[in-house]
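Comments concern the structure below.
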Amino acid sequence: MRILDSKFMRGFIKMADDGYHQGWHERNGGNLSYRLREAEVEDIRPRLNAAGDWMPIGTSVPGLAGEFFLVTGSGKYFRNIIVDPEACLAIIELDESGENYRIRWGLVEGGRPTSELPTHLMNHEVKKRVTGGKHRVIYHAHTTNTIALTFVLPLSDEVFTRELWEMATECPVVFPEGVGVIGWMVPGGRDIAVATSRMMETYNAAIWAHHGMFCSGEDFDLTFGLMHTIEKSAEILIKVLSMSPVKTQTITPDNFRNLAEGFHISLPEKFLYEKQ
Ligand code: 2HA
Ligand code: ZN
């Protein structure tokens, strides 16, 4: 099977382009990764490049030993992915220790996998474990409205989750587990990867203050849809706060409890606090 024709590749490229058109990927901002199924690896194996040198990941992900990932390239622009995926993307293989990777396809003009590879892979490792292998997509975007809120709201999981839930009835249905928030950190390294992957133990979305958001999901639609839903909710909140610092009415904690019952979801009580 031609690698560029495979379904996972087409889904990946469409998602990246959708994100660009949302305005979430200025310059080389953002990154995306997908953990291939074994059958997908077998389908493309004859067309992979000869194995090159092993390179250090910068962290250790033994839970992902031997797995293959499709990832965006460091410094590559999302707006170019659709026109030249072989220059912008890479398929990488991890070694048996989960400490090194090698490039097996793509980056034909040179380059390295995304600078956020440690966070992507540590998130994948956690999600593979806690979802029994279901989650395969990790997405990082520079979501304008969510970033803006990190200058105004307290950086707490409880406050962000509650305020985002209140902005659209669908929100607690789409992310009933809530969202995590991480104070400003240096991007691109192991420390932020450890902090983010800790959030991924419970949440499917982690907000990086003054930077952007990471989302995890089973497939491209669900992962993009989660990012899109949270970012739209943040946009509504900004419109509300721009009109008035106080809400005249809103969705109340008891409304949320009724919603949880009606939709058969569980909404943690820590998000349903009484406001002063
Ligand atoms: O430039 O978004 O976080 C890629 C990034 C780094
Ligand atoms: Zn970023």
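Glycine too: its Cβ is placed from the backbone N, Cα and C atoms.
Quantities reported herein were computed from a predicted structural model and do not represent experimental measurements.
According to TrEMBL:
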type     : residues         : note
DOMAIN   : 10-238           : domain 'Class II aldolase/adducin N-terminal'
ACT_SITE : E116             : active site
BINDING  : H140, H142, H211 : Zn(2+) binding site
Inset, instruction - Look up H211 (Zn(2+) binding site) in the DSSP assignment and report helix, strand or coil. - result: coil
Inset, instruction - In whole Å, note down how far the CA of E116 (active site) lies from the CA of H211 (Zn(2+) binding site). - result: 13
Inset, instruction - Give me the non-local Cβ neighbours of H140 (Zn(2+) binding site): same chain, 6+ apart in sequence, Cβ-Cβ under 8 Å, ordered along the sequence. - result: G30, N31, L32, E116, T119, H120, G212, M213, F214
Inset, instruction - Could you please provide the mean pLDDT value for the domain 'Class II aldolase/adducin N-terminal' (10-238)? - result: 98
Legend entry - Chain-internal residues, separated by at least six, CB under 8 A from H142 (Zn(2+) binding site): W24, H25, E26, G29, G30, H211, G212
